[in-house]
Amino acid sequence: MSRYDPRVIEQKWQLAWEDAGIFKARHDPARPKYYVLEMFPYPSGRIHMGHVRNYTMGDMVARYRKACGYNVLHPMGWDAFGLPAENAAMEKGVQPGAWTYQNIDAMRAQMKPLGLSIDWSREFATCDPEYYGRQQALFLDMLDAGLVTRKSAQVNWDPVDMTVLANEQVVDGRGWRSGAVVERRELVQWFFRITDMADDLLAAIDGLDAWPEKVRTMQRNWIGKSRGLQFAFETKGAPEGFERLEVFTTRPDTLMGASFAAIAPEHPLAKALASDPKVAAFIAECRQSGTSEEEIETAPKIGLDTGIRVTHPFDPTWELPVWIANFILMDYGTGAIFGCPAHDQRDLDFARKYGLPVEDVFTAKGSDVRVGTEAFVPPKTEPVEYVRPLGEGGVMTGEAAVEAAIDLCEAKGIGSGVVRYRLRDWGVSRQRYWGCPIPVIHCPTCGVVQEKRENLPVRLPDDVSFEKPGNPLEHHPTWSKTTCPTCGGPARRETDTMDTFVDSSWYYARFTAPHAEGPTDLAEAGYWMNVDQYIGGVEHAILHLLYSRFFARAMVKTGHLPASAGEPFNALFTQGMVTHETYSTAGADGRPVWREPSEVIHDEAGAHLADGTPVEVGPSTKMSKSKKNVVDPADIIAHYGADTARWFVLSDSPPDRDVEWTASGAEAASKHLGRVWRLAHEASTAAGGDGDAEPLLRAAHRAIRDVTADIEGFAFNKAIARIYELTAAISRAESAPAEDRRFALRTLAQLVAPMTPHLAEDVWALVGGEGLVAAAPWPVVDPAMLAEAAVTLPVQVNGKRRAEITVPAGSDAATVEALVLQDPAVQRALDGKTPRRVIVVPDRIVNVVV
Ligand code: ANZ
Ligand code: ZN
């Protein structure tokens, strides 16, 4: 063979790796470990370019660390529960399980040709009973440890289909199948008590210094710690038991601008008033919207005056009306507020709608502009002028005023300072089939009873029907019928399954001992945890990471992770997307008809279809099926081989930015790999010359130094640029002795082994490398070869070239400056004047300014 043929090479080396078993991870206390993990995929059925980029980056890190002598763990699995499988079941009449496992097989078959250094013996899917059974055990242990609770919460209710809907199933406020307006309903559900750990989850973010700052900020905001005042209004005209109304505010400094109080539609006081049909009708109206935060926030504000009044705590003659309002949430603070329209946009919208007073509490310093349709909400750190202060007025920051207000209220016995979190408890009940069954039983005599551990896993039935809307587990003729583990009487299984975020909150720990009897094996987890490098999309920056951080703590508490574990992921990297131009032709109705890249011909006539129809080329955006700007990795691999795909997704852009896939770029990548292969092939037979080898050897050692630093710094695109340089240096060094060229090529093979591992093996074998390059150590740089020869710098005086100076390469500015000022030619040009500035661009030029 004398041609680069990736099809032959790639298969050959994948078999060689498998035979040698070099990616199998074994616990070895004598060696330092390194755990690399990419966010595991959802088995949709096909891998896409985003996967290729994600797993190539992880593979780069894994192979590099292995070469550096680490005992590497690099596993892969499937995040396999979720709604799409149920949708497929409804559309295609297949069972979700069968559909999912078929997809897994298909995706594994597409992934393996990428040549990833994965320990496939650890593979699992979260829908395997072996996995979700352990998750059920974890759930029960967390229940025992007080980390699980049951309480009533709101769900989306489809009144026609008579079923609970997931947020994704509510489209514009309507049920996706029935089209009925969705209502909010209260249901008793299961929760993880993540709020108990809010403080620790927040504080520990400071220590996550190998996480992107933006992700840390998102985590902090999501947890949302705020300090405020909780106090009670005295009520007038309220039913018995409601003499006081507790409210929570983060802006007690605005109390003198209060114009109303408001309670959530689910507030006990609202419920107590619901015997009035007007109130009952209003509460029902409030329920007519989804439960997602977004929907609640964007729904138009509506309210109802209850007729009840509260007195202002600072002035007993001042009365405020109590309204029921749809924008007050029951599960935040106390479910009741006072409204200050001048300094809160929601309150202002509400006040304008219902004609409530708007009184400024503070204004911009020295301004008498009054609030119009936009509330005045400057950052709390900005000084403002208090025109209606609670205590002393004047100019101060909101921050200081809030603290002063809390102090004043506490001194007067009006409430106390409290800390609140935006974070809610994590509701995990889903009224769905394709998820992990919650392992409890409802007994008419004993109540809620845990399933016995020896009966785990509580398996999902695999003969469910999707004929009726709703949860097939409920409609199943026998599944939920069981006996009570405590009294032996007839009882009913819980039909709620767990949020699929639970499955992905501990899979990293399971990978350390995927066949363990319990959820984990402490010795294995103690050795392999934490994940040293986690890599994935920024879209998971909030919930998935927060839930994983919670679970790591919960697993320590329940004895499933060693106490030394805390955070699950030491370092996090969030990679950018793969984008592609979009192509469209004009449709009959004037709307664009999207075209696949493979349909489009690019030539002198521009972009067009085979039949000549002109094609409009749109901007490069995330690859998506709807715009058809998708390149299928399977096609790329079939055409160019995996190494070209891997090389391309690493080159061009920094890993955290988007990379644009182009056909010409893929072509160029493939050509480059072919050139490297040919160089190796020639060197394997060529006799070589007797020229100077030094420049080549220097280039090789510089490449080792720079590629190492670039990989460590996640600058993969730069590492690739260095490889181009080294390749060029090898091409140039035709006359160098054969063994030196082979050395340079072996070095090249070692450096590209993490990027294009198959090509690297072939090159390595051609130029005399021993064994597999995938098992070879990382090349070592010889510092003596880094010291550059001398460099000659031009010296300018006031912009005119006056001299040249020769110094060791890499000399620092001070050294160069001293030598320049002593130079006779420079001194002549200075003519006795003292230079104002000497600007040294190391290894380039010196400018003397007089
Ligand atoms: C009076 C006030 C005046 C408020 C003002 C804000 C601005 P953060 O900072 O996000 O924690 N609030 C309290 N409980 C609520 C609930 N259950 N549903 C809806 N809103 C609620 O938000 C705290 C602020 O949100 C509180 O401070 C309260 O309004 C409102 F110029 O009290 B504030
Ligand atoms: Zn019982």
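Glycine too: its Cβ is placed from the backbone N, Cα and C atoms.
Unlike curated entries, TrEMBL annotations are predicted automatically.
For the ranges 41-51, 470-480, the feature annotated in TrEMBL as motif ''HIGH' region' maps to 41-51.
Matching 2-6, 482-486, 622-626 against TrEMBL, the residues noted as motif ''KMSKS' region' span 622-626. Under a cutoff of 8 A between CB atoms, and with a sequence separation of 6+ in the same chain, Lys625 (ATP binding site) has no neighbours.
Averaged across the domain 'Aminoacyl-tRNA synthetase class Ia' (423-581), pLDDT in this predicted model comes to 95.
The stretch with the most CB contacts under 8 Å to the domain 'Methionyl/Valyl/Leucyl/Isoleucyl-tRNA synthetase anticodon-binding' (696-813), chosen from 36-170, 220-370, 621-661, is 36-170. In the three-state DSSP scheme, Lys625 (ATP binding site) is classed as helix. Within the chain, the domain 'Aminoacyl-tRNA synthetase class Ia' (621-661) has long-range Cβ neighbours (under 8 A, six or more residues past its boundaries) at 6-7, 9-10, 46-53, 56-57, 59-60, 110, 113-115, 212, 573-583, 594-598, 669-670, 672-673, 714-717, 719-721, 755-759.
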